[in-house]
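A.B. asks: As annotated in Swiss-Prot:
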- 17-23, 34-35, Y37, T40, G66, 125-126, D128, 156-157: GTP binding site (BINDING)
- T22, T40, D63: Mg(2+) binding site (BINDING)
- 28-41: motif 'Switch 1' (MOTIF)
- 67-82: motif 'Switch 2' (MOTIF)
- S72: phosphoserine (MOD_RES)
Amino acid sequence: MTSRKKVLLKVIILGDSGVGKTSLMNQYVNKKFSNQYKATIGADFLTKEVMVDDRLVTMQIWDTAGQERFQSLSVAFYRGADCCVLVFDVTAPNTFKTLDSWRLEFLIQASPRDPENFPFVVLGNKIDLENRQVATKRAQAWSYSKNNIPYFETSAKEAINVEQAFQTIARNALKQETEVELYNEFPEPMKLDKNDRAKTSAESCSC
């Protein structure tokens, strides 16, 4: 049986400060939730080994700070990402409105090879709270308008849909990683113009 190389998937979680990015990450990786809120300074990551379609992969999940003043630190963290998770708080409409700018920010900073088809996943978090302000249909419509991004409604506190969401994140990230590998293995052939072809023919002539 041939051993397959270990796959490391880099996942970036973006969204405004306080939407629950760190809580979602901790719930998924450590099965823990804390009511004590502490803003993430800069960026931090956790890793978790998961099975994706009978393949063992390591997910490296990056939690990037939501405050504007830390965004300049994030450029290096965006690079090499295999999937981007956009998180908003269903009780705070402003955090939903900024999803557009977070998505654009990622595409600019990460510069993925195929931005049109890069895998995003949207999470509407804190559905355990009663004062909901962003309707499911509104979030679904936004996600659909952005190349049909998968959308999940989650609660980091109650562990609702967290596992399911990250399974989709892992699967889409693995697909992205595989496509990049194939692209690197079979790069586009070089195109020669007429002068180059004539020069090549002359150089290979043994007369």
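Glycine is no exception: its Cβ is also placed from the backbone N, Cα and C atoms.
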A.B. asks: Roughly how many Å separate the Cα of G20 (GTP binding site) from that of D63 (Mg(2+) binding site), to the nearest whole number?
C.D. replies: 10
A.B. asks: What is the one among the binding-site residues T22, S23 whose Cβ has the most other Cβ atoms less than or equal to 10 Å away?
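C.D. replies: The largest 10 Å Cβ neighbour count belongs to S23.
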A.B. asks: Which residues does N125 (GTP binding site) neighbour through Cβ under 8 Å, counting only same-chain ones at least six apart?
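C.D. replies: Set apart from N125 (GTP binding site) by at least 6 residues yet with Cβ under 8 Å, we have V19, G20, S23, L24, V87, F88, D89, V90, E153, T154, S155, A156.
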A.B. asks: Give me the CA-CA distance between S17 (GTP binding site) and D63 (Mg(2+) binding site), in Å, as a whole number.
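C.D. replies: Rounded to the nearest whole number, the Cα-Cα distance is 11 Å.
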A.B. asks: Quick one: what's DSSP say for T22 (Mg(2+) binding site), helix, strand or coil?
C.D. replies: helix
